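Reviewing the structure listed below.
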Amino acid sequence: MIQIKMVKKCRDLGVGPGGFYRPGYQDGAKLRLQMMCLGMNWDPQTRKYEKRHPLDGSETPDIPHEFSVLVERAIQDSQSLIKKNSGENNVEDTLPRMSPNICIVNFYTTSGRLGLHQDRDESKESLLKGLPVVSFSLGDSAEFLYGNQRNVDAAGKVVLESGDVLIFGGPSRHIFHGVSSIIPNSAPNSLLEETNLLPGRLNLTLRQL
């Protein structure tokens, strides 16, 4: 039910002002995905966050409250698991709390990709504290790459399925990560039936500027 609500909310926002578009870089190359930003808009060309959409000039839509609640719950559950498994008392050092004011929503078709990169365009304070990025996967599964360097051959790989939540913060905040492929026809049938989601993967990443 949560996944269905998230997909429908993204669709409603995505067809309105400041909705989905295909972004590009300064050299004219286009990303192999569709993007929508909530809270503040991230511009791949300037690598800066702005209040307005680069194409239509509209104000960036607010982050739905229910998305922020899911982030808070995911971090709390992860902190509890870290404390249980490691016995450490100050789990904030490993995984700090954060209040998201940015949500980047990407839609990958079955041919979508995203090269290895770091998320490092947030504020110096946010990066120094290691405030986490919280990622929600919906729809088709994705092969997610991660590592300490921009090297595809040396990168680890994990399959993220619909409903999976990925968090990287604290010492892991600066990992290189990317999407090597989308696995076709892997989305839950119940999600497709209720939302008519197109083939591909919807990914929400929330963070604090």
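Heads up, the Cβ atoms here are built off N, Cα and C, so glycines get one too.
As the structure is a computational prediction, the values presented were derived from the model and not from experiment.
Around the Cβ of His177 (Fe cation binding site), a 10 Å sphere holds 22 further Cβ atoms from the protein chains shown. The Fe cation binding site annotation in TrEMBL covers His117, Asp119, His177.
The domain 'Fe2OG dioxygenase' annotation in TrEMBL covers 99-209. As a whole-number mean, the pLDDT of the domain 'Fe2OG dioxygenase' (99-209) in this prediction is 97.
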Using a 10 Å radius around its CB, how many other CB atoms surround His117 (Fe cation binding site)?
10
Neighbours of His117, Asp119, His177 excl. site residues, C-beta within 8 Å of centre, Fe cation:
Leu116, Gln118, Arg120, Ile175, Phe176, Gly178
In all the protein chains shown, the tally of other Cβ atoms within 10 Å of the Cβ of Asp119 (Fe cation binding site) is 18
